[in-house]
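Quick one: the structure is below, and I'll ask about it shortly.
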């Protein structure tokens, strides 16, 4: 195994305290959304701070056009795979559409994420309108974050994927949502598709750390989907996504080479086949011949 692929020998899972304290220390926390065992393993090897089991997996892993079809059963199954792939990485489970629309439902599903999925914390979406849900989760002892700005669960109300907070009034609503999340006891919040200056100013008003996706460099940390930044998911690329690799191109080239070698008889060769002792093979041929004449 190369040095680049070797697991960090002394890596310890991040704690809630460390994540909260990153606000004061100035350490930029790195989050990435990982839908499966392999991408989670890559994230841990790379030193990512938080592996996010995002309901975006409904799109990048299941081919849906939005996150709405994600179910708790689906999310728990993927969370289990992520935990196996990244056992030493703090894991945050994103609660899917309508899985937290009542306090009882939120507590039940958040508990599933923690007990069955192996997550270290959960993240619903929403601010003031969900503050009672967030507080109930926190009060029950479940580490909880939230997500504001562009919230995929309410995308239809926004008229599609549109930047949020571009007017002073809209920006104030995001600020009030942020304070509601903090007051509910959440340890972190995520901004999505918010103008950089707005997200930066709001972040400075808060005591809890913020992470951004399409919210500029002024947030306390950043999150991108691993399938986006690695070029695995290529159906579309949001403006805020930077491609650090193009694994789809590499994968297609590899598969084309495989197809070509099988079609032309070059694969498998002796190096990729199992041998047999000559005497055993000769005996086998004799047995086959005898069977033909029975």
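Quick reminder: no glycine exception, Cβ is built from N, Cα and C everywhere.
Checked Swiss-Prot, it gives:
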ACT_SITE  192  active site, proton acceptor
BINDING   55  Mg(2+) binding site
BINDING   55, 56, 123  3-methyl-2-oxobutanoate binding site
So for residue 55 (Mg(2+) binding site), how many other CB atoms are inside 10 Å of its CB?
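Its Cβ shell of radius 10 Å holds 29 other Cβ atoms.
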At the level of the C-alpha atoms, what whole-angstrom distance separates residue 55 (Mg(2+) binding site) and the residue listed as 'active site, proton acceptor'?
14
Cβ within 8 Å of the 3-methyl-2-oxobutanoate site's Cβ centroid: which residues qualify beyond 55, 56, 123?
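Sorted by sequence, the hits are 33, 52, 53, 54, 57, 67, 70, 94, 95, 96, 147, 152.
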Name, in the order they occur in the sequence, the residues of the same chain whose CB lies under 8 A from the CB of residue 123 (3-methyl-2-oxobutanoate binding site) and which sit 6 or more residues away.
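Result: 52, 92, 93, 94, 95, 144, 145, 146, 147, 190.
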What's the CA-CA gap between the residue listed as 'active site, proton acceptor' and residue 56 (3-methyl-2-oxobutanoate binding site) in angstrom, rounded?
13
Taking the residues 55, 56, 123, which the record names as binding 3-methyl-2-oxobutanoate, find the longest CA to CA distance and state it in Å to the nearest whole number.
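Those residues reach a largest Cα separation of 13 Å.
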Only counting partners 6 or more residues apart, tell me which same-chain residues put their Cβ under 8 Å from the Cβ of residue 56 (3-methyl-2-oxobutanoate binding site).
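Set apart from residue 56 (3-methyl-2-oxobutanoate binding site) by at least 6 residues yet with Cβ under 8 Å, we have 33, 35, 67, 94, 152, 225.
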